[in-house]
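Undergrad: Got a structure here, written out as structure tokens. Questions coming.
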């Protein structure tokens, strides 16, 4: 192996020797317990001498992230409609194909559908993934999470006995405005992050605010896309005033806080000049 060989080139060489382990299945490390080396890393720039021992681990069958997201987000979109249209096998024959008397139920369906349609559009046209694949086994867990919660939320929001929010139109209108603002913010952040990876670049860069006001949250947090995402579901909770939606929002917040802290630590580790004012997900707090 030449000193200027990249890890990607080494993966390809390994694949030629062992065809059953394609590059996406390979984890190449300098230490068995260390982190996997990135494709763009060059051998001579690593902490090795004139000889180096690389450790291989089989990551198992892989699936592309684009395919993963399309499967995860298409499910909730259609599952919700089964409850919204009150199919006879959901609530019983007496309630089939009957519409709810509460306008907020229709509004909730529009907002829920809009959220997942936006996600599908972002998956196809906006997102650029630093890692091209994920383990195939994770798709089942992810789908159970997204699809299962979509069914749980939809069951209660579209139930014949559903009652609208306590403060009526004022509460609903406020929630809708916040929902749309958070969706716009989330989309703006995804576009800004995508612009950092133009021309297929995979090296990590520090994201900074742009002229778009929605990106100014970068002044205060490392992962404003998660901040806006949580805001979206808080708004949806206020709009529907439904306990299952609130529990889903709480779980989303916990999971996204974990992801945000991990990314924040990665930024601090890789960039000595990383803005000190930023927090992982909530400005000045968390």
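In case you wondered, yes, glycine gets a Cβ from its N, Cα and C as well.
Owing to the predicted nature of the structure, the values given are computational and were not obtained by experimental measurement.
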Undergrad: Between 40-62, 63-85, 86-108, I'd like to know which one TrEMBL lists as transmembrane segment.
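TA: Result: 63-85 is the stretch TrEMBL calls transmembrane segment.
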Undergrad: Quick one: DSSP breakdown of the domain 'TECR-like N-terminal' (1-58) into helix, strand and coil?
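TA: Helix, strand and coil residues of the domain 'TECR-like N-terminal' (1-58) number 17 helix, 10 strand, 31 coil.
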Undergrad: Pairs of Cβ atoms less than 8 Å apart decide it: which stretch in 63-85, 174-193, 213-228, 234-254 has the most with the transmembrane segment (144-162)?
TA: 63-85
Undergrad: Residues of the same chain, at least six outside the transmembrane segment (63-85), with any C-beta under 8 angstroms of its C-beta?
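TA: Residues packing against the transmembrane segment (63-85) from afar: 97, 105, 109, 112-113, 116-117, 119-120, 123-124, 127, 129, 131-136, 138-139, 142-143, 146-147, 149-151, 153-155, 157-158.
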